[in-house]
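Undergrad: Sharing the features that TrEMBL gives for it:
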| type | residues | note |
| --- | --- | --- |
| TRANSMEM | 20-38 | transmembrane segment |
| TRANSMEM | 112-140 | transmembrane segment |
| TRANSMEM | 188-207 | transmembrane segment |
| TRANSMEM | 227-245 | transmembrane segment |
| TRANSMEM | 251-270 | transmembrane segment |
| TRANSMEM | 277-296 | transmembrane segment |
| TRANSMEM | 316-336 | transmembrane segment |
| TRANSMEM | 348-366 | transmembrane segment |
Amino acid sequence: MALHCYSPFSVLSQFRGSKGNRVIICADLLSALLLRAIGQKLQKSYRMNLRPLGVLRSSQDRGILPCGDIAALVYLWNPFTILSCVGLSTSPIENLAVIVSLYGAVTRRVPLAAFGLIMATHLSLYSAPLVFPLIFLLGYGLDAPPIKKFLQTRHGGVETGSTSDVSKQEKLTPTTQLPFSWRTVLHFVFWVLVWSSYVLVLCSLSLKQYGGLEEMFKRTYGFILRIEDLSPNIGVFWYFFAEAFEFSRNYLLIIFNLYILLTSIPSLMFRLKHRPCFLAFAYLAFTSILKSYPSVGDAALYLSLWALFVNELTDMEYSFFIFCGYIGFSLLSPVMHNFWIWRGTGNANFYFGNAMGYACFQFMFVEKSVNAMLNHDQALKKATAEMTKN
């Protein structure tokens, strides 16, 4: 039985006609509206966090770009979003579930955040690591500069001052610890358990005649992890496993599936826990590169999330080069596929070379974005230190 038959929402991929288009268009429009609301929250938090540090004044507010409007436009007018809609893919539904979870965490609607996470994980296994950014969002709050380091900088700057500076030091010292709302996180865990139990019960009842939950997990999550279908796609796994020897297949499956968990999640959590929304972007971008069956809808999602941080990423390196690379490999992909599959004038290396180039540019995009964000925080720290000395 096919994989998509076990997902309740994946029945949309079987629609042909205006009904399926209307559902997908409504999902995209709702996603854009939620992205705009998330951006407005982040922009408000951006102003509130910079003004106490003395970096931003009211006269400089005009230089702040409306990140919410930009993110919504990037999502709606992105060619990848349009292709997903025209192809009647279920990616818009998956993207909506991810954005709903982020919106619920940003607005402190814990049941909504848990619902979005469970539905996103139900539709795509690779959405599960999103639980860490959501926990940081609910525990620490919205994205902000590393306040602890800023306060320590001010702490060091007032040590040699007068008695009035000492009184300022005493006021700053108690706030150098980042508060974490364990109560909200536990509330989130409770709702995750509630929604997951609800989904599992519904699936067990609806799939009782098809083998129950065991068969569902085997045909969905098991299918994704075992990489049984080696049809060419825009990812890189299909070629590796098509060329791999059978005796080494299980070893490679373990390595490839654990690579995402052991390389990206711990390091990104350590460096970006003060920016949970940006951490969510980094997770989604990284997993969309290394997932077994990627789609262009995955790129549409993380590119729109990247647009939420246009104010912080203005000094991103090689942005024009990466932009041209995205366009070039996106245009070359159908050409190479046509040469190989339809015309027979090329071979698998034509299409796989294009997929490798596309993956390399995605890696470069994520790496330069993370570096730009860390450099932005470091620049704010230096500016605050200079203003403190003056």
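Here the Cβ of each residue, glycine as well, is placed from N, Cα and C on the backbone.
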Undergrad: For the transmembrane segment (251-270), I need the partner stretch with the highest count of C-beta pairs below 8 angstroms, choosing only from 20-38, 112-140, 227-245, 277-296.
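TA: The stretch I would name here is 277-296.
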Undergrad: Among the recorded stretches 112-140, 227-245, 277-296, which has the greatest number of Cβ pairs closer than 8 Å to the transmembrane segment (348-366)?
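TA: Answer is 227-245, with the largest number of Cβ pairs below 8 Å.
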Undergrad: Residue list, the transmembrane segment (227-245) vs rest of chain: Cβ under 8 Å, 6 or more residues beyond ends.
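TA: 252-253, 256, 289-296, 333, 337, 340-341, 348, 351-352, 355-356, 358-359.
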